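Report on the structure given below.
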């Protein structure tokens, strides 16, 4: 049977960012240095395939520190943690390694610096996301107000409209955040923002690549986990950019082939915590059903690399 032709636009950049790469290395190096088990508070990154792979090597994933014994190392996830968590680990004299992405740590430092100058912080982020919890937890309760939408801006009650600063979660939609920032600046003209926006380079680059491929594709798939904020934003960006069918898939098994019946073009991207192995699996699934021509659409080249903490670079 002759296969139908299909042009597959492969968005670039896609997949692992420097912060995710570093976090995974931290877990692997910790297991190598201290042996199994090494405990990890929260999924190190939001990807089941990655987490299952590390679990097989000896990582034990827990949600809270009280699930960890005092005598085993614990790693904090790439999303960042409230200040109370390392303080508790120190009180218990635990060995811990902080795998917080350096770009998230930068937001933590910004928030603290503004607070030291007497400013109340407004955080643009998603309620309940570990990164938002971690950033808000750098300061005492009530010092950071959360806004998720433009509508929230009109509702928040601030201490002093002239003494405000804002920070953002690093994995948001660039366009949505721009609208929220504009609403904040309209309501609070004296609000102070970051020197350079907090949305990370990888989030921005992946969204721009999706915008480049979405309008010319009959469908677009984002390889990523349902709990991955940046992956879900890529699906939203694709829909807004004019792609009529944009879906999140964890791997090739999740593809709804009936929904793709009759397509001539498809685009594929991947969230920042999705390994390239899963992207290749998706491409292979299309090759099995179509006569595929792959076209890479590259909108940026990334050379960012973050060092692992010194404790893991020293011999045991």
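Cβ atoms are placed via backbone N, Cα and C, with glycine included.
According to DSSP, residue 17 ([4Fe-4S] cluster binding site) sits in a coil region rather than a helix or strand. Annotation source Swiss-Prot lists [4Fe-4S] cluster binding site at 17, 101, 200, citing sequence analysis.
Neighbour density for residue 229 ((2E)-4-hydroxy-3-methylbut-2-enyl diphosphate binding site): within 10 A of its CB lie 25 other CB atoms from the protein chains shown. The annotation (2E)-4-hydroxy-3-methylbut-2-enyl diphosphate binding site is assigned in Swiss-Prot to 46, 79, 129, 170, 228, 229, 230, 273 on the grounds of sequence analysis.
Look at Swiss-Prot and you will find 46, 79, 129, 228, 229, 230, 273 tagged as isopentenyl diphosphate binding site. Residue 129 ((2E)-4-hydroxy-3-methylbut-2-enyl diphosphate binding site) falls outside any helix or strand according to DSSP and counts as coil.
DSSP assigns residue 229 ((2E)-4-hydroxy-3-methylbut-2-enyl diphosphate binding site) to a helix in the three-state reduction. Per Swiss-Prot, the feature dimethylallyl diphosphate binding site maps to 46, 79, 129, 228, 229, 230, 273; the stated evidence is sequence analysis.
Less than 8 angstroms from the CB of residue 131 (active site, proton donor) sit 79, 80, 104, 125, 169, 170, 171, 229, each of them six or more residues away in the same chain. Here Swiss-Prot flags 131 as active site, proton donor, drawing on sequence analysis.
Within its own chain, residue 228 ((2E)-4-hydroxy-3-methylbut-2-enyl diphosphate binding site) has 46, 47, 271, 272, 273, 274 as residues 6 or more apart in sequence whose C-beta sits under 8 angstroms from its own. In this entry, 46, 79, 129, 228, 229, 230, 273 make up the residues listed for dimethylallyl diphosphate, with the farthest two CA atoms of the set 15 Å from each other. Residues near residue 17 ([4Fe-4S] cluster binding site) in space but far in sequence (CB under 8 A, at least 6 apart, same chain), listed by position: 200, 201, 202, 203, 272, 302, 304.
Across the structure, residue 101 ([4Fe-4S] cluster binding site) and residue 230 ((2E)-4-hydroxy-3-methylbut-2-enyl diphosphate binding site) place their CA atoms 14 angstrom apart. Non-local neighbourhood of residue 230 ((2E)-4-hydroxy-3-methylbut-2-enyl diphosphate binding site): 171, 202, 203, 206, 224, 271, 272, 273, each in the same chain, at least six residues away, with C-beta under 8 Å from its C-beta.
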